[in-house]
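To start, the structure under review is shown below, and the notes come after it.
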Amino acid sequence: MLSFFWLRCLLKMVKENIVVPEEILSFCCNGLQGSTSPPRAREPGEREEAPGAMASPSPTGNPTEVQMSQLVLPCHTNHRGELSTGQLLKWIDTAACLSAERHAGCPCVTASMDDIYFEHTISQPYINPPGQRDGRNGVCVGQVVNIKAKVNRAFNSSMEVGIQVSYEDLCSGKHRSICKAYATFVAQGPSGSKVKLKPLTPQTEEEKIEHSIAAERRRMRLVHKDTLKDLLTRSPRETELETRDGSAAVPAEKTRVESVELVLPPHANHQGNTFGGQIMAWMENVATIAASRLCHAHPTLRAIEMFHFRGPSQVGDRLVLKAIVNNAFKNSMEVGVCAEAYGQEMSVSRRHINSAFMTFVVLDQEGRPRTLPMVAPEPGDGVRRYREASARKKIRLDRKYVVSCKQTEVPLSVPWDQSNKVYLSYNNVSALKTLVAKANWALAREKEKVRMYTLEEDKFLSFRIEMSVCIAAGRAFSLLSDLRRRHEWDSHYASAELVQQVDDDDMIYHVVSQTLSHENKPQDFVILASRRKPCSKGDPYVVAFRSVTLPTHPASASFTRGETLCSGFCIWPESEETSKVAYYNQATPGYLNYVTTNVAGLSSNFCATFEACEKFLLKNKEDLIVRLQDL
C-alpha cells in the first residue's frame, strides 16, 4: 500500500505549486489502487482488459463458443446512468472476434454486423412505476450483461458468428434478452492475406439448423442492395412532405453532425487496426446526436441496419464521422451514419470505411413512442436518402414479419410482392432446412428401398420419405424443381401452371389437385418454389415449397383454396450417378386430405407415389442430358 510518507510528500508538493514528476504521480496512483509495483507493460497489440470483464470458453463443448459476462460499471453508462449502446457494441464485437479467432486460429477482422433489433431496449427514459420513487427500464450500474458468441458456419475465408445478448439483475435473479446479432468475420494471414478456413462440423440440433440457414443469410446479405434498388425503381419518385400536429417540416440539414476522432493505441485491436467495436460506438454516438437535434429529446435506439466495413484504419488515422436524419416517420426516424478515414495529410482523399442506418424512437414517461416532426430533405442527395429510407422501412417491416416471427405466428399464405420476395424465399428455404435438421425422426414404414419417417411436435405432424436413386443429384434437382412435370409421377397433381418467374431460383405456380375437399371441390394452391444448389461440399440440393397469395390469383368458387406451410425435396449426392432423394412435408389441418390419411394409416400409397417418382427420374434423366447438350 502507499505509505503515508509518500502521501504527505505529494500533498506538500501540490500545496506549494510544485510540478509533480510523472513517474512519482504514476507510482502514487498505482499505490492508491493497492499495488506498490509499477504496472505490467502490455505486450505489443495486447488489448486492455475492461474493468468487470470476464470471458471464458463455453461449458457446452462447442470449441468456438465464447461466453462473456460484463458487470456494468459507471464508466460504461450514459448520462442517465444506463448502459450505453456504444459500449454494448464494443462488447459484442469483442466476443464475436474471440469466437471467430478460436475457430480460425489466426487474427480475424469484422467484415459486417447484421441487422440488430433490440428486443428490450438498453436505454430508456426514467419511468416511475406505481409505488416506486425512481425506476429504470434500461440496463443499469450493478447489473450483468451476458454475451454468448459462436461460429455458425465457415465458408471459404469468411465465417458467420451468432451472438446472443441478455442481462441479469443480480438482486432479483431475473434474466431478459436484449438482442441477437450475426457478424461476418474474415480470417487474415501475414500481410493481410486471406486464410482458407477449415469447415465447421455442427453437433447439436440447434447448431445444425444455424449451420444450414447461415448459407441463406449469406445469400440474403449479397442481394440486399439489389432488393433496395428494385423497390426504388418500382416506387413513385414524387416525394410528398406533410406536417403533423400543424408543425412545419424540419430541414434535414439542421440535424447534420460531423465529428472527428484521432485513433490512438487504446482504440486498436491486436493487429494495429482500429477496433471495429470502437468504430461502431463512435458511429452510434454521432447518430444519437443527429436524432436528438430533430426531436430535442433523448432518443432510444431501436434497430441498426448492417454495419458494413469497407476497409481498415490504423492508429494515427483521423476518423470523420457523419450523421444526418434521412427521414422521420410518425413514431420513428432513420439516421444515416458513415465513417471516413484519412492520415496526417489532408490532401489525401478520405477513405470510406463504414456505413450504417439506425432507427430511433422517442419515448414518453409511460414508455410509449412520441409523434415526431417531419423532415424536409435537401434537393439532390437529400431527396435520394429520403426515398431510400422509406424503402428500407418497408423492407424492414416485411423482413420482420416474414423472418423474425415464430413459425406458429405466421399465416400459412403470406402476401408476395417485390419488396419481400428475398425474405419470403429465405423463409421458404430456411423452414425446410430447419425441418431437415430436426432430431427424433421415427421410422414409420420401410418398403424395399423406400423409407418413411414421422416427427410429432407441437401442432405439426411432419413426415419424411426417402430413397436412393441411380441418378446424378444435379439432374434429379432439375427434374423435381419443375412443378409443371409433377403430375407425371404424382397422381394427386392435376396440373401446375407457372404464373411468375421471379428469378433463376424462385418461381410461383398455380397448382390444381385431383384430391377433393370436404366441400366436394378440387383443391388449388398458389405455391412459391425456391431452389438452392449446394453452398459447399456436403450440402444438399434443395427445392422448397410454401403457399403465398397473389392478387392475380385470388381464391375461386370452383376450387377450395389449400395451403402448405413447409414442404420440399432435399437431394444428397452419394456418388457421381447415385443420389439420396428425400421429400419432407409439415402437415397442417388444412393440407391435402391424402397426407393425413396416409400418415395415420401408413398406407402404401405414399410408397407407390415415391416409387413412381423414381421411375420418372430414371426415365427422364437421359432426356435431360440430351436437352442440356443442345443448349
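Just so it is clear, glycine is given a Cβ too, placed from its N, Cα and C backbone atoms.
These numbers come from a predicted model, not from an experiment.
Summarising the annotation, TrEMBL assigns compositional bias 'Basic and acidic residues' to 40-50.
For 62-191 (among others), the entry in TrEMBL reads domain 'HotDog ACOT-type'.
Per TrEMBL, domain 'HotDog ACOT-type' is recorded for 253-366 (among others).
The domain 'START' feature in TrEMBL is assigned to 441-611.
Residues or ranges marked as region 'Disordered' by TrEMBL: 35-63.
Marked as signal peptide by TrEMBL: 1-16.
A contact between the domain 'HotDog ACOT-type' (253-366) and the domain 'START' (441-611) is absent, since fewer than 3 of their C-beta pairs, 6 or more residues apart, lie under 8 Å. Per-residue confidence over the domain 'START' (441-611) averages 85 (mean pLDDT, predicted model).
In terms of DSSP helix, strand and coil, the domain 'HotDog ACOT-type' (253-366) has 26 helix, 53 strand, 35 coil.
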